[in-house]
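Engineer: I'd like to ask some things about the structure below.
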Amino acid sequence: MRQLSLARRLFLLLVLAVVLFTAFTGTAFYLDARDQLHQAAGNRTLAVAEAIADSPLVANAALEAGRTNPTPALQPYAEQVISDAKLDFITIMAPDGTRWTHPNPSEIGGKYIGSTSEALAGHPFTETYTGTLGPSVRTIVPIKAPGSGRVLGMVAAGVTVTNLDVALASRLPALLGIAVVVLLLGSVGAAILERRLSKATHGYGLEQLSQLFAYYESVLHSVREGVVMVDPRGRLVIRNDQASELLGLPNTEASAPAPLLADVDLPESLRALLASGRTAHDEIHLTKDRVLVVNQEPASVPDRRGARRLGSVATLRDQTEIETLGSELATMRTLSDALRSQTHEHANRLHTIVSLLELGRTDQALEFATEDLSLSQSLANELVVSVQEPVLAALVMGKAAQAHERGVRLDAEATGSLADAGLEPQHLVTIVGNLLDNAIDAAAAAEPPRWVALELHEEAGGVLIEVSDSGTGVPPAERERILQFGHSTKPHGTAGRGLGLALARRSAEALGGTLAVEGTGGAVFTVSIPARNGRKG
């Protein structure tokens with residue numbers, strides 16, 4: 001059996017509420033109208049009964065009741081008042097309740113049916129009582145002797161409940177009409193609300209919506225990518241746990257107010273992207289310690305005017321590990337290229353040595369071989385002994401071979417032992433590798449002589465890394481921008497464009513250091529890293 005949608009359930013509930021409200025209100029109006037009719041009848045009978053009791057005709061007839069029969073004088077008078085006042089009966093009676101008048105002449109002389117004690121005590125009162133004409137609303141007023149106030153008789157004026165019900169029934173069509181209008185308006189309002197709610201909930205039932213919300217929560221918090229949603233007012237309304245971790249934001253309760261982007265500690269480039277709501281595909285943004293790949297799409301829902309914008313949804317993918325692996329892969333490729341180049345060069349030299357031996361020139365062959373060995377080993381010996389960091393030494397050797405292939409001379413100088421500095425090799429590889437790549441590119445594009453110099457110094461205060469080149473240098477206006485992510489002087493489409501120097505700067509800052517650039521006739525990049533608390537020695 002198909003479940004009722006939330007909108008349909010609400011519609012039925014509202015219709016039921018309208019029906020109950022209409023029934024309750026109609027009943028209340030009916031009872032109020034009946035009470036008003038009874039109260040009006042009591043007021044009218046009181047006024048008529050008091051007027052009759054104050055009439056000189058009635059008072060004189062009551063005074064003479066002991067000597068003459070008052071009925072002949074009072075009956076016509078009572079009938080006339082009944083007609084004029086539109087009452088159902090007027091009974092004038094003796095103090096003992098003997099009727100002097102009655103609408104039914106056969107009842108004259110009989111005993112009045114009803115309460116008379118209040119009237120005999122000199123007080124008028126109104127009651128609903130069942131008499132000879134059936135239930136009626138009646139008022140009994142005493143007839144008092146002039147001057148003495150002695151009760152000479154009583155006057156009862158009344159309206160039957162039957163006639164009151166007839167008057168009440170005449171008001172029912174209006175009450176029913178109002179009830180029908182209220183019912184129709186309530187039903188129409190409920191139908192409009194159902195339609196809008198059905199459109200908003202896509203016709204789902206309460207259980208389905210609960211299930212969808214559970215799915216949403218599960219997906220939102222189980223994906224490895226960060227997910228954030230920003231509304232049109234620039235508030236960070238949704239973010240999953242991964243997004244909070246990637247952006248360095250504290251996890252908050254779902255009921256907590258959504259923070260404004262302006263109040264959140266984010267990189268300016270990422271803040272600008274999220275605030276703009278524009279479409280973005282695989283844009284890379286750099287935080288304090290991460291490289292993030294960001295995709296963003298506007299979020300909207302269809303409405304009568306086309307689409308209503310809800311904000312934008314962005315996904316954040318951590319590229320830090322990939323960039324680290326890429327850097328390591330680039331290092332391995334550099335070493336591989338260097339080995340391949342050296343293999344090729346050594347093969348040529350080996351052929352030369354073999355040819356010299358075949359020609360019997362053994363002295364020249366020995367001199368040629370030892371010269372080659374000393375040249376290739378000098379840089380390696382210097383780096384391995386001074387740097388004492390095999391990975392970094394291998395990287396520099398590979399970069400030297402790579403620079404040689406491009407016609408650039410790479411000189412390296414190291415003082416102290418970097419192994420004693422207690423620095424992570426991966427950060428050093430990222431810093432030195434990217435700085436050397438940038439310097440080799442700059443020197444290779446310049447006029448001869450083309451050279452790159454690397455200086456590594458380990459002191460008590462920390463580590464100083466300096467890379468200089470014979471390139472065209474960096475203008476002062478560009479020195480800060482080239483260290484920012486995405487800015488590059490390389491041609492568009494170049495692999496790794498705009499990443500190298502930013503990654504080097506990020507690694508330096510991760511070690512608590514700084515990266516600075518200067519020089520216009522050749523660039524000089526200086527990395528200063530303070531000594532670590534856990535350094536060896």
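We count from 1, first residue shown onward.
Heads up, the Cβ atoms here are built off N, Cα and C, so glycines get one too.
Just so you know, TrEMBL annotations never went through curation; they're auto-generated.
When I checked TrEMBL for this same protein, it listed these features:
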type	residues	note
TRANSMEM	172-193	transmembrane segment
DOMAIN	212-253	domain 'PAS'
DOMAIN	345-533	domain 'Histidine kinase'
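Can you tell me where each of these features sits in this structure?
Structural biologist: Remote same-chain residues near the transmembrane segment (172-193) are listed as 7, 10-11, 14-15, 17-19, 21-23, 25-26, 29-30, 33 (criterion: CB distance under 8 Å, separation of at least six residues from the stretch ends).
Averaged over the domain 'PAS' (212-253), the predicted model has a pLDDT of 79.
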Engineer: Could you tell me how many residues in the domain 'PAS' (212-253) are helical, how many are strand and how many are coil under DSSP?
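Structural biologist: DSSP composition of the domain 'PAS' (212-253): 18 helix, 10 strand, 14 coil.
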